[in-house]
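These features come from TrEMBL:
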type	residues	note
REGION	1-29	region 'Disordered'
COMPBIAS	12-29	compositional bias 'Basic residues'
REPEAT	71-96	repeat 'RPEL'
REPEAT	109-134	repeat 'RPEL'
REPEAT	147-172	repeat 'RPEL'
């Protein structure tokens with residue numbers, strides 16, 4: 001038979017038939033968030049006590065577990081703060097309705113007194129704390145003041161005119177010039193004298209007083225001479 005006359009048969013690909021998809025498996029989700037139990041250390045007061053169901057082998061084990069729970073409860077009750085401590089910590093309120101009303105009235109009077117000492121709006125405006133103008137109005141006012149000052153400065157007389165009118169004098173007008181920065185303290189040369197220089201100065205003074213200085217005859221005995 002010729003190839004054209006043979007009937008077409010379905011093609012069986014044994015290579016692809018071996019890679020069939022496996023049947024789908026059930027998905028298991030793993031929760032990564034921490035699970036909070038009812039009785040945790042973060043919320044001990046509002047936690048619900050859990051019930052432990054144990055199968056004890058004997059009656060003695062059940063009695064021992066019951067005694068252990070009772071002892072732990074006694075320990076917790078012993079550690080419980082007393083009434084006075086709860087009052088001091090402001091947990092237990094022991095005020096009556098009348099005392100509570102008096103406390104509220106005292107607090108209200110204190111607040112009213114504080115509010116009466118608060119400055120008024122006029123005082124805040126005078127102290128430049130409360131602004132009564134908008135930023136645009138403040139800017140406009142500054143511009144007006146600037147124009148007014150510039151106009152006043154343009155009419156200001158010069159120094160020569162003030163001198164001619166004898167409003168200011170030459171000594172009243174100070175001209176500032178650039179100067180070198182140097183030590184303006186007075187020099188003290190007498191602090192650098194040697195003993196020989198001091199002796200020569202004393203000798204010269206004694207000679208001047210004895211020969212050149214004019215002294216009255218009756219006052220010569222009062223003339224003081226330096227030690228040589």
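The backbone N, Cα and C atoms fix where each Cβ goes, and this holds for glycine too.
Taking Cβ pairs closer than 8 Å, the repeat 'RPEL' (109-134) reaches residues 141 in its own chain, all 6 or more past its ends. Across the repeat 'RPEL' (147-172), the model assigns an average pLDDT of 85.
Residue counts for the repeat 'RPEL' (147-172) under DSSP, split into helix (H, G, I), strand (E, B) and coil, are 14 helix, 0 strand, 12 coil.
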